[in-house]
Structures are given as C-alpha cells and as structure tokens.
Amino acid sequence: MGNCCSHGRDSDDNKEEPRPENGGGGVGAAEASVRASKHPPASPPPATKQGPIGPVLGRPMEDVKSSYTLGKELGRGQFGVTHLCTQKATGLQFACKTIAKRKLVNKEDIEDVRREVQIMHHLTGQPNIVELKGAYEDKHSVHLVMELCAGGELFDRIIAKGHYSERAAASLLRTIVQIIHTCHSMGVIHRDLKPENFLLLSKDENSPLKATDFGLSVFYKPGEVFKDIVGSAYYIAPEVLRRKYGPEADIWSIGVMLYILLCGVPPFWAESENGIFNAILSGQVDFSSDPWPVISPQAKDLVRKMLNSDPKQRLTAAQVLNHPWIKEDGEAPDVPLDNAVMSRLKQFKAMNNFKKVALRVIAGCLSEEEIMGLKEMFKGMDTDNSGTITLEELRQGLAKQGTRLSEYEVQQLMEAADADGNGTIDYGEFIAATMHINRLDREEHLYSAFQHFDKDNSGYITTEELEQALREFGMNDGRDIKEIISEVDGDNDGRINYEEFVAMMRKGNPDPNPKKRRELSFK
C-alpha cells in the first residue's frame, strides 16, 4: 500500500540493541510516561517538505531531532547506541536507538532492519510487547523511537529481591508465554528469547513486563520450516541446530528460562559454545541435583514437556497456559486469550459505517512496513489466491491461529469485516478491520481521512459529502445520514468539523497506555 500518510514515522529496530538503564544491548524500551498521556488538541498537522527517499526504510528521510530532543546515552550495542529522548510536543520520554548505516554492510543487513520494523509495527499495541513509536532515516543513520524500559532486566529484579516462590515463577512464566502466544497467533516467531530480552517498564514493584529485541524475528505461516541457525547458545532448541524448525523453538527457549528461574543455572552448560550445542542435542536434563528434589512435581512436569527434544511432542504456547502448575494461583485463564486479530475484528464490528469508511481511508495511507504483517496474514487466509477471503477461509484461518469459535461467532466476524456486504472480505476490508487502533493516535492519518470526506476543503463534512463517501464504499446501510451526523455533531451546526471527527474516531477506543496492565509481583 502507498505512503500517502507516511510521515517519516514508522520504524525499525536492530539486533543487539543497547539496554536502557542497565547497560545492556537489546531493543530496550517502554514508554515511561513522565506526564500523563492525554490526546493533544486536535488540529491539522502542518505540511512538511519531504526529503529524498532513504535506502534503508524506503521512504522520505527526516530529521529525528525535529520531533525529539536527544539526551543522555542509555546503552551501547554492536549495531547501535540508545539515547534517552524527549518528544518536543508532549514532553514524554522515550528511548531512541541510532543505527549507523555504515554498519549495514550488505543487502541482508538492510532487509533484517526492514523486517524488524515490519514486525514491531505488526505487534505494536500488545500490552506486554515494547511499542515502536516511529522510525526516522537521515543521511548517516536510522533512528528508532520506542518505549523506554526504565525498570531494567527482569532477572536483575529477581536477583535483587534475593528470593521468590514457585508461585512467583509461575506468574512470570504465564506472562512470558502469553506474550509468545500472541506473537505466534499473529504469525511471528521471536527466535531469540532469553532473560535479557524481557524488561520492566518502570522501577515500580508491580511494573509491567515487556518483550523486546525482535531483530532476529520472522514472519511465518503454519507448516513453514526455517533453516538458519540464530539465537543465543543456552536457549537454542535442538531442531534449530539441525536446521529444521518452526515456532516450537520459542517454547524450548522459554523452557530453558523456566529451568533457570527454578534452579538458578541453565539446563545445558559447557565451557564452549560447541559443548553447549552438544549438550542440547543430547537432551539430558538434570532433575536430581539441588534444588530439584524439593521442587514440586508439577513444575518438573512442565519443564520436561517444554524441553521435549521432539518439537512435535513439545507443548504449544496454548497448552503451556493450560498446564496445572501455571494455573496454580488461579490467575491464569482456562483457555488462552483470544488472539489479537480476533479482538480487533470484534471491536471493528461495533463501529458505525462512518468510522469504518474513515478506517478504510487510513488503511490506504499506511506504509508497507506498517501493514506487512497483516498482508502476510491475509495471504495466509486467502488459500485460493482470489484476493478475497470467504467464510470458509476465515474459519480455517482463525483455527490455524489457535482461535476456537462457534459457527455463529465466525459468521459475526465475517459480517463485521465485510463492510460492503458482498459475502467476502477483500484486502482493504481486512486491513481496515484488523489494523491496530493505535494508528488513530497519528494526527496525519486522521487528517488525511478527514480530507477524504471534506471534498470541497471547507473544513467541514456535510450531509452530502458523508452520503457520497458511504456510497463510494458501498456502505450506505439505510440509516439516515442526518442521524449519523447528529451523533458526531457536538455543536449542533449540522456538519462535522475536524475536532468532532477526531473525537468520533477516538471514542470507544482502548486507552493506548492503560494503567492496568498485566502486573508482576515477586512474593
């Protein structure tokens, strides 16, 4: 899709990013809201002169310093340096990772950066995944602006506490597996899961946990096999070493993390990397040394099932979440959470047609990197390559993602996404229905959508203009246009101005920075 709204925003991230606040090197981040984040006043964004196209992000170059003030260095890694940065418009603080383009020495390096941007855009909005705020490219560097994880690494917090219970370990694991269940249901394999890639949003006792560093992550389709050996030695699954693997490799890595959480040492250890790999391939896990004799049988059962050398016999993320040990404190659900795409479809169903048309316009303005993940999901569901998804294809596609729905629920979702009511979901309808609602926080997207309706550039959307737009998209459902206008028209002048339009678009959307996220407690 085109770049008509792409405002030098999107983003990218890279392998081995510097770790904020604890000197490490992962795609650190998580927005430490220095002030409460309320929506800024709705006013059309100023027109900006576009620069030349950047070779890495493939869109106009832009100076990150026009929107952010860069501060102290937070960390340094192989590919980049991370600085604290402050958004000029709001005063909010973020992390800005700068990648020198001279370090991207070949086509593969550039593709890795682009893919990471696409994946982070695809996952942005999930509560326990670091959020990408934007990416900028100038002559010398690519700059990634993301949430600031000021709380440091998860394991550092555990070590500082000095002790924790199996119940606390189960709570941590539940959050980590829920994150990966979301990734897998959205067609992403992380491929580099390790303790260093889980950061805390803040230094608060109950700070949310954030998954970071998607530099090695890939999009995948069910049944797809990967062959390249990537990851960190202690956490690599045996099938990765054998160059034939899929999403099951992530579960192995989390199983290694659980083993370490329970006993303090990795299950496969040696003096050299090759020695570690040989130990992994042998598959022998020690459950006899201290403290394993006093660890509960249920915990050991889960570790064994996550570290099964046969990926076909290994538990899936959904099965891990249903294991008795993880559910012991009663907080874990009986079934995995609905996958993110299904939740978005449900939300889309509740929107009025005016808002749905606006979302179609915004979907057409998103950059390729913002919708790449959804594009792949659409292609995966469109099994006959017709360019549309039928009811049966939607049913099968949701089932492959691990979502169990009744026939009625599938039909309801079909009706929600099929905006023009022709019995199938086309590409534009799918993107509009499933793109994350945080796209509505971007002023340039909202303004472009408003301009689409405001044909005469009067600054208002009239009854005639709204009727024309609904007809254009085949979405005039018989409701009186004046009734729709009256729902949105705050000052009762019979037309809709930009501020009223923005209020309608944001009404009923989830808070992009909810205070109540999944919380951790170390007891």
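Using the three backbone atoms N, Cα and C, a Cβ is placed for every residue, glycine included.
Look at Swiss-Prot and you will find Gly2 tagged as N-myristoyl glycine, backed by sequence analysis.
The compositional bias 'Basic and acidic residues' annotation in Swiss-Prot covers 7-20.
Here Swiss-Prot flags 68-326 as domain 'Protein kinase', drawing on sequence analysis.
Taking all protein chains in view, 28 other C-beta atoms sit within 10 angstroms of the C-beta of Thr82 (ATP binding site). Positions annotated as ATP binding site by Swiss-Prot: Leu74, Gly75, Arg76, Gly77, Gln78, Phe79, Gly80, Val81, Thr82, Lys97.
The region 'Autoinhibitory domain' annotation in Swiss-Prot covers 332-362, and the record cites similarity to another entry as its basis.
Taken from Swiss-Prot, the feature Ca(2+) 1 binding site covers Asp382, Asp384, Ser386, Thr388, Glu393. Following the DSSP three-state reduction, the secondary structure of Thr388 (Ca(2+) 1 binding site) is strand. In this view, Thr388 (Ca(2+) 1 binding site) is surrounded by 19 other Cβ atoms within 10 Å of its Cβ, with every protein chain counted.
Taken from Swiss-Prot, the feature domain 'EF-hand 2' covers 405-440.
The feature Ca(2+) 2 binding site is assigned by Swiss-Prot to Asp418, Asp420, Asn422, Thr424, Glu429. Sequence-distant contacts (6 or more apart, same chain, Cβ under 8 Å) of Asp418 (Ca(2+) 2 binding site) comprise Thr424, Ile425, Glu429. DSSP assigns Asp418 (Ca(2+) 2 binding site) to coil, not to a helix or a strand.
Taken from Swiss-Prot, the feature Ca(2+) 3 binding site applies to Asp454, Asp456, Ser458, Tyr460, Glu465. Annotation note: Glu465 (Ca(2+) 3 binding site) sits in a helical segment as assigned by DSSP. Around Glu465 (Ca(2+) 3 binding site), the same-chain residues six or more apart in sequence whose CB sits under 8 Å from its CB are Phe453, Asp454, Lys455, Asp456, listed in sequence order.
Over all protein chains present, the Cβ of Asp491 (Ca(2+) 4 binding site) has 10 other Cβ atoms lying within 10 Å. According to Swiss-Prot, the Ca(2+) 4 binding site annotation covers Asp489, Asp491, Asp493, Arg495, Glu500.
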Inter-residue Cα distance where the pair is Asp382 (Ca(2+) 1 binding site) and Asp493 (Ca(2+) 4 binding site), in Å: 45
Neighbour count, 10 Å Cβ-Cβ cut-off, for Thr424 (Ca(2+) 2 binding site): what number do you get? 19
Residue among binding-site residues Gly80, Asp382, Asp384, Ser386, Tyr460 with Cα closest to the Cα of Arg495 (Ca(2+) 4 binding site): Tyr460
Quick one: among the binding-site residues Asp384, Glu393, Glu429, Asp454, Asp493, which has the most Cβ atoms sitting within 10 Å of its own Cβ? Glu429
Whole-number Å distance separating the Cα atoms of Glu393 (Ca(2+) 1 binding site) and Asn422 (Ca(2+) 2 binding site) is 15
Counting only residues outside Asp454, Asp456, Ser458, Tyr460, Glu465 in the same chain, those with C-beta within 8 angstroms of the Ca(2+) 3 site's C-beta centroid are Phe453, Lys455, Asn457, Gly459, Ile461, Thr462, Arg495
Measure from the CA atom of Thr388 (Ca(2+) 1 binding site) to the CA atom of Ser458 (Ca(2+) 3 binding site) and give the result in Å, rounded to a whole number. 36
